[in-house]
C-alpha cells in the first residue's frame, strides 16, 4: 500500500502543477502496475472510453469545467468498476504536452530494435522470455547516485542527459524576464523525472520488463532506474550492449554454462569466460556493489580486476565457478575494503602449490564489515589463526561456512568469537585431539547452547556421529539443516530430527533410508523444501530410499513446496499420493537413477504418477522426470503443465510425439533439458515455432543428426545452434550429434568457441 499511495501522490503532483501547460487532449499509456492491489479506484485511474475524449472542434475546458468533467469521468469509472477491479492492469491518463521538441512519450509502437534490446538485458537477458528464475534472485536494494544518465554529465547537451533545473536563475545571459528562463523543467521532462522516481521503487523483474515495453519514454526511464542487471546466458547479449543501455546498475547477476555442467555433461573448456564482462563493467559502472556469477570461468586476473575497478564493491558470490585459486581470493580480500559478502559455493578451486596464498590474512586488520563468509568448497588448508582473528573483528558477521579442515575444537573457538551467527557451516565435525585430549560432547554442546541465534546448520563434511548430540540445544530453533555431506543412518539421524520441529529446509543423503524419512515426516510438519541426494550416484547402486519414504513425506509434510528425490525404486501410487497431499508443490524433481525403471510393484510405466503431479499441483513451475515413461506421460505434461518453465527429461519417452506434446502444450516453457532419450530430428523440428520464446534447449545422447541441426539453424537465423561431437571421424550430414545447445542471442555466434564446438 505504501507504493500504491506514493504513486497516487506523484501522479496528483503531475496534474496539480501543470495548469499552465498548453495541454491539448490526453494520451493514454499502459502502466503494468502489478504492485497495485485489485480494487484500486481513483479519478485518474480510468478505463478508456470515448466519453472521456474531447471531440474535434470542441472547446477546451476551463478549471471549473474540467473539474466537472473529471467528476463525470470518475462516476463513469465507478459504473464500469466491476470489470476494472478484476484486473491489475490500468490505463493512466496523462496530459499530453505539445512541445517544439519531440514528446517524451510516443504512442507509436517501440521499434523492433528497442524491443529486442529490452528483452535482452532485462530479467531474461538471454533474449528469450523469462519471468522468473532466479528466479532466481530478487533484486537487492541498492543505494542510488544522482546521475544514472549517459552523455557528458554536465546537465545539458546530449540527448541521453537528464535535464536539471538551473537554480541560479536562468540558462545563461542576463535577463530571465517573463517566466524566469530555465528556472523550471520542460513539462515533458517533469513527467519523465516523476516516472523515473516511481520506477525506482519497482523492483520485480517482470514488472520492469513490462514497463520498458510501454513506450520510448518508459523504455528510457526504466533503463536509467534499473539497479540490478540479470543476464541468464552470458552469450545471449554482448557486454557492450548491456552497459550502453543500463547506466545506473549497482548489481550484476550473470550465468554461463548450461545446468547439465553440474553433472559433467558439458565438456571442460567449453567457455563462459567472465573476462569480457569484467572488462566492460569496470568503466561503465564505477559504483557497482554486487556481482553474482554462476557456472562461469573466472581467472585470478578477473578477480584482481574486479577488486581494482569497483572501490565501493560489497558482495561477491561465485556459484559453481572454476578457473581461479587462492591468489584471486587474496586480491578480493585485500583490495575490497567495504566487502560484506564473499560466498564461494560449489566452486572448483585450483590447487597448484605455486599459487596457494594465505588469503584469509589479507582481509583488513581493522574492524571489517563482513556479514557472510562461505568457503566450504575451498579444499586447500588455510590459516586458522587468521580466520579466528577475522571473525573476532567482524561484529556484523551472521553467516560463516568453513571447509573440512576445521575440527570441532577449532569450531568451538570460532563460536565463542561470534555468538551472533545465524548460519553456521561446521566444517568437518570431527576431533583432532591435542595435548589436552579430545573435546567432549558436553563442552561442544555448551558452545551450541550459547549460540542462541543459530537458525541454519550445514557442513558435517567428515562427521563423527558421536558429536551429533552436541547440536541438540539449537535444534528447536533450526529452520534449515543440511546433512548432504554426512553419511548418517536412520538411527543416527532420528534423535536429531525429533527436535527440529520448526524445520523448513532439509537436505540429506539417502543413507538415512525410508525409516529416517519417516522420522522427518512425523516431526517436520512445516517442511517446505526437501532434497535427498544419493550416496552412490551410479545407475546400478542399490539405494536406501524408495517409494515408501516418499509416501511418508507426502503424508506428514503437506506444506512441501519443493522436492528433489534420488532413488532406485518408485511406484505410481506414491507419486499420486504426493500430488494429492502436497498440492502446493512448485518444484518436483524425481530422479530414478536406473534407466527406464517401471513401477516396482506393477511393472507399469510411471505415466500415471507424473500425470497426477501436473494435474493436481497447479503451482508447478519446475519438473524433472525419469523412469519408464511413454508418450502418455508427456501428453499429460503438455495438457496440464501450463505453468512449467523448466523441464528436465532423463531416460524417458518412446517417440518424438513426446517432445511435440511438450512444445505445443507448455506455453511458458523457458528451459528444456533432455538426456539419453529416443528423440530424433523430427522431435527437434517440432519446436521450431517455440524456440524464440525459450531461453535454451539442451539435448545430449539422443538421436539427433547434423542435418536436423542444420535445418534448425537455417530456418531460425536468430538462434545460435551449437553442436558438440564426441567422434570426429564422420563428417557427413547423417553424423550423430552427441550434444546440442540451442539458444537465442542478440550478439550472434560467440567468438571463443573451442575446437570441439561447431556453431551452425
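Just so you know, glycine gets a Cβ as well, placed from its N, Cα and C.
Automated prediction, rather than curation, is the source of TrEMBL annotations.
According to TrEMBL, the protein has these features:
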- 104-126: compositional bias 'Low complexity' (COMPBIAS)
- 146-161: compositional bias 'Gly residues' (COMPBIAS)
- 169-183: compositional bias 'Gly residues' (COMPBIAS)
- 188-227: domain 'COI1 F-box' (DOMAIN)
- 249-293: domain 'Transport inhibitor response 1' (DOMAIN)
- 301-590: domain 'F-box/LRR-repeat protein 15-like leucin rich repeat' (DOMAIN)
- 104-187: region 'Disordered' (REGION)
- 1-23: signal peptide (SIGNAL)
**Prompt:** Taking every residue in the domain 'F-box/LRR-repeat protein 15-like leucin rich repeat' (301-590), what is their average pLDDT?
**Reply:** 94
**Message:** Using Cβ atoms and a strict cutoff of less than 8 Å, what residues sit near the domain 'Transport inhibitor response 1' (249-293) while being 6 or more residues removed from its termini?
**Reply:** 134, 136-137, 139-140, 142-143, 145, 226-235, 239-240, 242-243, 299, 301-302, 305-306, 308-321, 341, 671, 673, 675, 696, 698, 700, 724, 739, 741, 750, 752-754, 756-757
**Item:** Summary of DSSP states over the domain 'COI1 F-box' (188-227), given as helix, strand and coil counts
**Value:** 30 helix, 0 strand, 10 coil
**Message:** Looking only at the domain 'Transport inhibitor response 1' (249-293), how are its residues distributed among DSSP helix, strand and coil?
**Reply:** 15 helix, 10 strand, 20 coil
